[in-house]
Amino acid sequence: MDAPRRFPTLVQLMQPKAMPVEVLGHLPKRFSWFHSEFLKNPKVVRLEVWLVEKIFGRGGERIPHVQGMSQILIHVNRLDPNGEAEILVFGRPSYQEDTIKMIMNLADYHRQLQAKGSGKALAQDVATQKAETQRSSIEVREAGTQRSVEVREAGTQRSVEVQEVGTQGSPVEVQEAGTQQSLQAANKSGTQRSPEAASKAVTQRFREDARDPVTRL
């Protein structure tokens with residue numbers, strides 16, 4: 001497990017029987033308004049690491065400004081990189097209370113910002129998913145409609161083709177067959193009757209010619 005991290009600009013706590021306050025980083029000397037007895041009663045605040053970084057910066061770069069304006073000293077231990085951080089506030093009791101109140105107000109503000117951003121992202125995801133669902137439904141519906149139209153048009157075209165074949169085939173063929181049959185029958189009948197009629201006509205004529213001389217005598 002990694003050792004607790006201390007920001008480079010934070011006050012080093014005085015150990016029991018110990019040594020005067022040592023200020024690290026950007027604070028090279030002790031504050032004139034800070035007294036060593038303030039180290040005995042720190043106020044402790046626990047916050048999520050990401051909130052501490054939002055308030056004081058990732059490396060604690062805003063802490064010197066807060067300390068100078070509030071006349072307090074701040075020590076931060078990051079207990080768990082993904083969990084909580086411990087903030088110790090040293091100074092006059094009234095200044096401690098004001099500083100802790102300010103820290104908690106800033107924490108609430110950043111929580112609200114994160115919740116708002118998460119809610120906006122969630123709403124955007126829902127809207128995107130809804131739009132995709134509607135688009136898929138429209139595409140499926142249009143594909144089904146187009147398929148129905150194609151099937152209906154194919155059926156109609158097939159019916160027209162069948163009707164045209166039936167209409168053109170039956171009446172024309174029947175009429176042509178009937179006409180041809182009538183002509184053949186008439187021709188045959190005429191061919192068969194002509195020799196008989198001619199023979200009868202010749203016979204009748206010879207008979208008449210045979211009677212005429214007698215009648216004339």
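Glycine residues also receive a Cβ, built from the backbone N, Cα and C atoms like all the rest.
Annotated in Swiss-Prot:
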- 1-40: region 'Involved in RNA binding' (REGION)
- 40-103: domain 'KH' (DOMAIN)
- 129-217: region 'Disordered' (REGION)
- 138-155: compositional bias 'Basic and acidic residues' (COMPBIAS)
- THR145: phosphothreonine (MOD_RES)
- 156-170: compositional bias 'Polar residues' (COMPBIAS)
- THR156: phosphothreonine (MOD_RES)
- 177-194: compositional bias 'Polar residues' (COMPBIAS)
- SER182: phosphoserine (MOD_RES)
- 205-217: compositional bias 'Basic and acidic residues' (COMPBIAS)
Cβ contacts under 8 Å made by the compositional bias 'Basic and acidic residues' (138-155) with residues that lie 6+ beyond its boundaries: none
Cα-to-Cα gap, THR156 (phosphothreonine) vs THR145 (phosphothreonine), nearest whole Å: 16
Secondary structure content, the compositional bias 'Basic and acidic residues' (138-155) (per DSSP, counts of residues): 18 helix, 0 strand, 0 coil
Mean of the pLDDT scores, which run from 0 to 100, over the region 'Involved in RNA binding' (1-40): 54
For the domain 'KH' (40-103), residues assigned helix / strand / coil by DSSP: 28 helix, 19 strand, 17 coil
Other CB atoms within 10 A, centred on THR145 (phosphothreonine): 10
